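Undergrad: Structure incoming, see below.
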Amino acid sequence: MSESSQGPAARRFLRPSLRSATMILPRTGERVKKAFTLRRASTASNGSAEFLLAPGQGDPNRHLEMGRVEAFAERCKEKGKDTYTFITSPTGISILKCSLAYILGSLATFVPAIAGLLGKNDGKHMVATVTVYFHPARSAGSMIEAILLAFAAFLYAVFVSFTSMAVSIFFDRQHLRALGHIIVIIVFCGGGLGLVGWTKQKLGNPLVNVACSLTSLAIITVLTKEGAVQAAQFSYNKVWQVLKMIIMGIIASSAVSLLIRPKSARIEFRDTAIKATDALGEMLTRITQGFLSGSEQELKSASFMKASNQSKTTFTTLVKNLGEAKNEHYVLGTEEEYKIESRLVKCIEQLNQNIGGLRSAAETQFTLLAQSEEFNQNGQQWALDTPTPSQKDSQSFSEHAAAFSPSPILSPSLSHVERRSSILASIEELPESSAEVSDEESPGEREYSWRLPHGMDFNLTTVDMFSIFIAHLGPPMKSLAYTLHEVLNELPFGPGPEYNMAINEHFRHSLVEANTLFTNARKEALALVYKNKVPSKMGSVEVAADFEEVAASCGYFSSSLQDFAEDMITFLDILEELKENRYPRRRTWNWLKFWRKWGRSKYTNDSEQSSLLDETPESGISQEIHNPISRQVLDESDSGQPNGRQSFAYRVWIALRVFRRDDVKYAIKVGIGAVLYAMWAFIPDTRDIYSHWRGEWGLLSYMLVCSMTIGASNTTGFHRFFGTCLGAIYAIIAWIVSHEEPLVLGFFGWLVSLQCFYIIIGKGRGPMGRFILLTYNLSALYAYSLSLKVEDDDDDEGGISPEIWEIVLHRVVAVMTGCIWGIIVTRLIWPISARRKVKKGISLLWLKMGLTWKRGPLYTLLEGSPTRSSYMTAREELELRRFLGHLDTLRASATSEFELRGPFPDKSFKVILEATGRMLDSFHAMSIVILKDLKSSEGEKEILKYTKREWMELSSRISHLFSVMASSMKLAYPLNDVLPNVEHTRDRLLAKIFEFRRIGLGKVVAADEDYELLYAYALVTGQLAHDLGIIGQEIEKLYGVLNEDDLKLQ
């Protein structure tokens, strides 16, 4: 469109040299005025690091011009390069290390000198099994934890074994051997293995799971296979042998892990921290670009999505590496360094949350601009023609609006894009100018000399309001974002492998000065927005709400950017403290000086570390939200009697409530199944059958398969059985090919281990790979042990001439029996369906969130208590987030539950849980805003009092929506057609804020920063309403149609 066709030229702002913005160069601390672009800052600092063709992805058609021999040789060369690249990668090196440790563990079976240290029995293959469970593809900190867990598992197995022997001997001397066996089966087999299952599910740590498998193997072997307990004899031979095998396996894995290309969790932590800050810098740049340009494409770009995903994954890895680095720091005596690093991670978490606030404000802007563009296209006008129903809901606002003239406000003739582009010429991303100007101008030159053209100041739209704000604050906002991005690119550590901390001395001063410049410009920009906001007639609540939402979006975005800069200063301070602690490094080992802790309070300041380290994806399996409704244990609706006259039965029911917990039910269920399976080893008539068919391996398979939910049990059972069959096939082939030659058998075992460790490490399917190798060890290595003329009674499997087919058959049958028994127990004894559990859990979570929000995030501020606190404590938030992780684990398990009515709607529940996670982020954002300033100002109190009715009604409606969603999910019924309207209530709140600003009290008492709290509240409630709408749509997909069977009165 030509300029003449665009309307009067006066509609364009005069274009001063606003592209030359005052900025702070972080490396030198120099204040300069220059033209720059954020897009340059978003590229890699080392130039273009991407190849036109990635390695190994050349043009496939280039082979067409070659002969067959040349093409074949070229492809072989490429495959060789790809193989070498994979072998030399961290994953390939880890797989080779694991296979080497497995070979070292196999030497306990193949080398007579080493095998002699373990005595004459056929269980020496357990050394190789230990190297599989505690593989060396882990950091030194993780290996330290593995060693501690392995010996803890052994000590527990020793306690159970020796205690069961003592009980059996005691009752045998009383001529009550059968009673002693019953007690051993119930207490030590059932109770001991039940406690193992409870520990595995409660802690939910992969290393703990492995240790539980190891202790289950030791307990089952001693109690059901060795015969000492059945014969009422005390024997420590097997226990001593198990200890020696654990020590050998741990030594092999530890030696490979620590001597061959060792991995340090401290180094991995620093590398991950670099990736985390790089992702933060990229996200900050893209969001700022999107807000300045008003284009949502920046947030949909591939680079932003990549940075967003990288930020999520790297933070999870950062927390995991911090936990492993803790062990290394404590061993090295640098525990103070660990405490500083944990604070560093908390600061990075806070920066991520600030990024979320920036993104929320930017998305609000995009929504308003899209609405304005839609109105413009449809020829609608910002006008007050007739009173609207919403006006009647806000009487005071209507009365105030009636004072204006009824003449409508006509939409400007320029389109939304044209008006915005004319106003925002000052922040267009043009090529950088090399000219730099000193920033020593006079005060008048520092201000951006632009003005509104004549005729436009009475026809402002929401688009224009955004444009005015950005035109004034755009250059300093770009400058601050540029400074922050450059600092993030340099921090927190230097390049590897040293990762030195060479923090530029100018960084902190540069950030402080850049933040000061932005803060001053922000005040001027917000004042200008408030000054020019809706200067003409206004009578519609929706229109006033839209204009007030512009101020909320602008204020919240600039506030979040300012918070980001302040947290970056804190980040720098923590890095400086870490640098002082590292250079020179001070080793204290204070954790060993236990006598210093005597007399101290047990409530230390380690809550941050514990909350961080507990937030693992696996730790949610047994999480519950306790006491979702605050009430006394007594409730007349439950007992029917007052507190002093409760019945004895009711008091017993209350006392036994611990046994109604799912994790306790699961432990009892595991114990019952173990008792029913292991009792055949104690009955004289069935003991030989149990031993012949290797019942101990069936019982171990049962322990591995029996899971909390039906879906998890089905998945583990399939992996266990499939891995067993594949391992048996490998064992048969290896035994037939090797002809009992240890070198050939060892080489074949190494090849099998390569594939299995690729499954474990490369694919992340630990159970499947472990099952394959475990069966291979139980068959091939066990058969070789039999051929060495050991003294065990194994004639049923060939003795010194092993029958590999017989051995494999016994193992496969035992494993299949254990898997089937585990699935039966999971389904018949207190069955826990992941499908029903995830629905019930989501309902409980929404109910808890609704009750939390019903407290009123703003009500605590209005009470005026001296100790100002948030509406949601840190403990409650951590509990909610852990439970959400638990629900996501249940969702994954539910996909493996098969029902006749159809598959589990995984896609819908994934969307629901993602929306719930975003709502928890909104809860946290509101809590952060409340806790930012622990003392309410007079202006804040006056605004809250003036708008109390509106924001309390908004809180009630959102809480009501949570309850409605929870009820619909719990009952599996469609939503009601008439639901509380949050948007209208929110519009009335924004209009009330607008009204308060225009009256005399608002001009006298309240400052601009006093509105930030309500602005943040308005944006958070808008995001909650949006996510609740998404959840409502998914519930309609799930339960949108009522059947006649649903309405039967029966």
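From the backbone N, Cα and C atoms, a Cβ is placed for every residue, glycine too.
As listed in TrEMBL for this protein:
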COMPBIAS  381-398  compositional bias 'Polar residues'
DOMAIN    689-825  domain 'Integral membrane bound transporter'
REGION    381-401  region 'Disordered'
REGION    428-450  region 'Disordered'
TRANSMEM  99-118  transmembrane segment
TRANSMEM  146-171  transmembrane segment
TRANSMEM  177-196  transmembrane segment
TRANSMEM  203-222  transmembrane segment
TRANSMEM  242-260  transmembrane segment
TRANSMEM  666-683  transmembrane segment
TRANSMEM  695-714  transmembrane segment
TRANSMEM  721-737  transmembrane segment
TRANSMEM  743-761  transmembrane segment
TRANSMEM  768-787  transmembrane segment
TRANSMEM  807-830  transmembrane segment
Undergrad: I need to check the long-range neighbours of the transmembrane segment (242-260): which residues 6 or more away from its ends have a CB within less than 8 Å of a CB in the stretch?
TA: 97-98, 100-101, 104-105, 108, 114, 117-118, 123-124, 126-131, 133-138, 140, 143, 146-147, 150-151, 154, 157-158, 214, 218, 221-222
Undergrad: Taking 3+ C-beta pairs under 8 angstroms (sequence gap of 6 or more) as contact, is the transmembrane segment (721-737) in contact with the transmembrane segment (177-196)?
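TA: Counting Cβ pairs under 8 Å (6 or more apart in sequence), the transmembrane segment (721-737) does not reach the transmembrane segment (177-196), since there are fewer than 3.
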Undergrad: Do the transmembrane segment (146-171) and the transmembrane segment (177-196) come close, with at least three CB pairs under 8 A (pairs 6 or more apart in sequence)?
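TA: When sequence-distant Cβ pairs are counted, the transmembrane segment (177-196) touches the transmembrane segment (146-171), since at least 3 lie under 8 Å.
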Undergrad: Tell me, please, if the transmembrane segment (99-118) and the transmembrane segment (666-683) are in contact, taking contact as 3+ Cβ pairs under 8 Å between residues separated by 6 or more positions?
TA: no
Undergrad: Could you give me three numbers for the domain 'Integral membrane bound transporter' (689-825), the DSSP helix, strand and coil residue counts?
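TA: Computed counts for the domain 'Integral membrane bound transporter' (689-825) are 111 helix, 0 strand, 26 coil.
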